[in-house]
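A.B. asks: Below: one structure in structure tokens.
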Amino acid sequence: MSAKAAEGYEQIEVDVVAVWKEGYVYENRGSTSVDQKITITKGMKNVNSETRTVTATHSIGSTISTGDAFEIGSVEVSYSHSHEESQVSMTETEVYESKVIEHTITIPPTSKFTRWQLNADVGGADIEYMYLIDEVTPIGGTQSIPQVITSRAKIIVGRQIILGKTEIRIKHAERKEYMTVVSRKSWPAATLGHSKLFKFVLYEDWGGFRIKTLNTMYSGYEYAYSSDQGGIYFDQGTDNPKQRWAINKSLPLRHGDVVTFMNKYFTRSGLCYDDGPATNVYCLDKREDKWILEVVG
């Protein structure tokens, strides 16, 4: 497991899609051999040079949803060809290096050359030429097509946030400051600060999500709600409908997710930064700032 896994991330193994397909085909119908120069790119297409993070364009089982961010640790595929079973794998370096390979092959007369390429799809990340098999057959002859048996990938994702249990920090995506709790008007209230000591737990019930502080200075006053003026305070009990929030991401939530919180009572108002007289976390009309969820520990 990478060092990154200790910082709120974990490595998990998932089933992925892998297929063999014709990467290059040439029929030499002449009476002499023919040389052909072939150029291939092995590894991931469209690699971001600044980060190895991939954004899923489709789900991976129940683990990764569309839009989730992850990194690829390795890919492993077992396959059968010519009545034999084999296994091939790509390391993290091989996946991301996008290596260009050039070489020349010689095709005998009256023969068909087929290059079978093994491609893998990991949440929309297209990994080409994991492996290749070159086959020469008579033109019109029977080919031995390789078949995938199993295909798995190790991916690095944010640790899952278990509702009602996992302690998190909530960070303003633009300002890079954390939600903290201070006393205002003899109530615990939310404001931004640089301290990482303030922890929260997310809950979900019939009315939406609730945000519980673990750092209230008034016993029992712990669920974030929007006042009529838009200030964010922490309330007793769970009956107040202004405590309910909608999160713009499907479950499961994970470390590093960037989300918005829209109030379920003031339905057009979202959790946001605003430079108020004493605190600066508000729920305001037609506002929905982005917040980063960070797993604690």
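The backbone N, Cα and C atoms fix where each Cβ goes, and this holds for glycine too.
Feature list, courtesy of Swiss-Prot:
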- Lys185, Ser227, Tyr233, Tyr282: N-(acyl)-sphingosylphosphocholine binding site (BINDING)
- Cys272-Cys283: disulfide bond (DISULFID)
- 10-33: region 'N-terminal cap domain' (REGION)
- 34-107: region 'Beta-hairpin domain' (REGION)
- 108-156: region 'N-terminal cap domain' (REGION)
- 157-297: region 'C-terminal receptor-binding domain' (REGION)
- Trp20: site 'Crucial for binding sphingomyelin and inducing hemolysis' (SITE)
- Phe209: site 'Important for activity' (SITE)
- Trp245: site 'Crucial for binding sphingomyelin and inducing hemolysis' (SITE)
- Trp291: site 'Crucial for binding sphingomyelin and inducing hemolysis' (SITE)
A.B. asks: Which residues, given as numbers and ranges, are at least 6 beyond the ends of the region 'N-terminal cap domain' (10-33) yet have a Cβ under 8 Å from it?
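C.D. replies: Distal contacts: 1-2, 40, 60-61, 63-64, 73, 75, 77, 79, 106-123, 129-130, 132-133, 139, 145-148, 150-160.
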A.B. asks: Where Lys185 (N-(acyl)-sphingosylphosphocholine binding site) and Trp245 (site 'Crucial for binding sphingomyelin and inducing hemolysis') are concerned, what is their Cα separation in Å, rounded?
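C.D. replies: With the alpha carbons as reference points, the distance is 24 Å.
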A.B. asks: About how far apart, in whole Å, are the alpha carbons (Cα) of Tyr282 (N-(acyl)-sphingosylphosphocholine binding site) and Cys272 (disulfide bond)?
C.D. replies: 5
A.B. asks: For Cys283 (disulfide bond), what is the secondary structure state per DSSP, taken as helix, strand or coil?
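C.D. replies: In three-state terms, Cys283 (disulfide bond) counts as strand.
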A.B. asks: Please list residues from the chain of Cys272 (disulfide bond) whose Cβ is under 8 angstroms from its Cβ, counting only those at least six apart in sequence.
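C.D. replies: Listed in sequence order: Val281, Tyr282, Cys283, Leu284, Arg287, Glu288, Asp289.
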A.B. asks: Using DSSP, how many residues in the region 'N-terminal cap domain' (10-33) fall into helix, strand and coil?
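C.D. replies: Going through the region 'N-terminal cap domain' (10-33) residue by residue, I get 0 helix, 18 strand, 6 coil.
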